[in-house]
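Novice: Dumping the structure here so I can ask a few things about it.
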Amino acid sequence: QDAFVAFHVDRVLVNKYLKSLEIGELAPDQPSIEPTKNKMLVKDFRELRATVEKMGLLKPNQLFFFLHLAHILLLDTAAWLILLYFGTSLMPFIISLVVLTISQVQASWLQHDLGHLSVFRKTKWNHLLHKFVMCHLIGASAKWWTLLHSQHHAKPNCFEKDPDIDMHPFLFTLGKKLSVELGIKKKKYMPYNHQHKYFFITLPPLLFPTYFHYHTFYIAYTKRYWVDLAWMLTFYIRFFFTYGSLLEIKSLLAYYFIFRMLESSWFVWVSQMNHIPMDIYYDKNLDWVSTQLQATCNVEQSLFNDWFTGHLNFQIEHHLFPTMPRHNYWKVAPLVKSLCAKHGIEYQCKPLLTAFADIV
């Protein structure tokens, strides 16, 4: 299936695991495409996929990713050196916070690339560097991220299948249809008529410092990701040893919580702009392309937008080809637009500030 092809780099290896699950072949008179799926769209997308592979757009430019990692490590070091050389007064404190926040968010975009196996040809090298970036540089579990993010990609904006929209209905009500359902049932967990106001002080600043901290450790412990937990501890040891030698305990805790809040705000606005304003409902069992396009939109390309969003402004291309290296999204975008135009599918692309406004 298209989802299987999209997720796996080494399909020969994965097929070995599937052999034991095979239960037989379809009868000759059975259709190979389910009635809810667009047969012609599936055919054209598979031809597009073949074209993408022939063009070499799934091959990574490792210099691009090396330079990206280098600028993350440089900023990470600079944040500590600012406090070391200029002291811990207000101005160096703020500048150091900003520099570390930039480093952490850019590391989040890089771990995303590694988690999607788009940096190295060899899967094991992606996994190894993923642990270094996600666990050691950020302090979260790589396997925890992969577990949740794979579900999101398989069924984006499908309620009860996409963990990214689990905040419905407990914190926000999402999607017009699901909101109407809640109204009919007269269920109300929060004052939803004010959710466009309390969004600013809940999800953006608090997702990382509160929920993610708890959830990444909870999943890593309960699922026994012991290697991830060991890697994660190296982040906290390094952070509290290096910054603890410069800051008093209250300042240290404030520094940590503030940079996590800033990082969280940046991440939430970027990650939600492509999905939350789109259609959110139960799984309709549509074909791969339709599933991704109804839940995803793009943001206009610019050098700043590419860097600021980690190329997630090309969210449509990323969702159709999750293992594609991000530096190639702009090359495949015209081909995806043509496919959408041929089949009458809306291809949404917005200015950055419009995308932010649409969340609210």
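In case you wondered, yes, glycine gets a Cβ from its N, Cα and C as well.
Unlike curated records, TrEMBL annotations are generated automatically.
As annotated in TrEMBL:
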TRANSMEM  89-107  transmembrane segment
DOMAIN    91-349  domain 'Fatty acid desaturase'
TRANSMEM  198-214  transmembrane segment
TRANSMEM  226-246  transmembrane segment
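Could you place the listed features in the three-dimensional structure?
Specialist: Remote same-chain partners of the transmembrane segment (198-214), defined as residues 6 or more beyond its termini with a Cβ less than 8 Å from a stretch Cβ, comprise 140, 167, 171-172, 190-191, 257, 260-261, 263-265, 267-269, 272, 359-360.
Listed by sequence, the residues of this chain that lie at least six past the ends of the transmembrane segment (226-246) yet keep a Cβ under 8 A from its Cβ atoms are 80, 83-84, 88, 131-132, 135-144, 216-217, 220, 252, 255-256.
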Novice: Just to confirm my parser: what is the rounded mean pLDDT across the domain 'Fatty acid desaturase' (91-349)?
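Specialist: Reported value for the domain 'Fatty acid desaturase' (91-349) is a mean pLDDT of 96.
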Novice: Apart from its near flanks, which chain residues at least 6 from the ends of the transmembrane segment (89-107) lie with a Cβ under 8 angstroms of it?
Specialist: 68, 71-73, 75-76, 78-80, 82-83, 133, 137-138, 251, 255, 258-259, 262-263, 266-267, 310
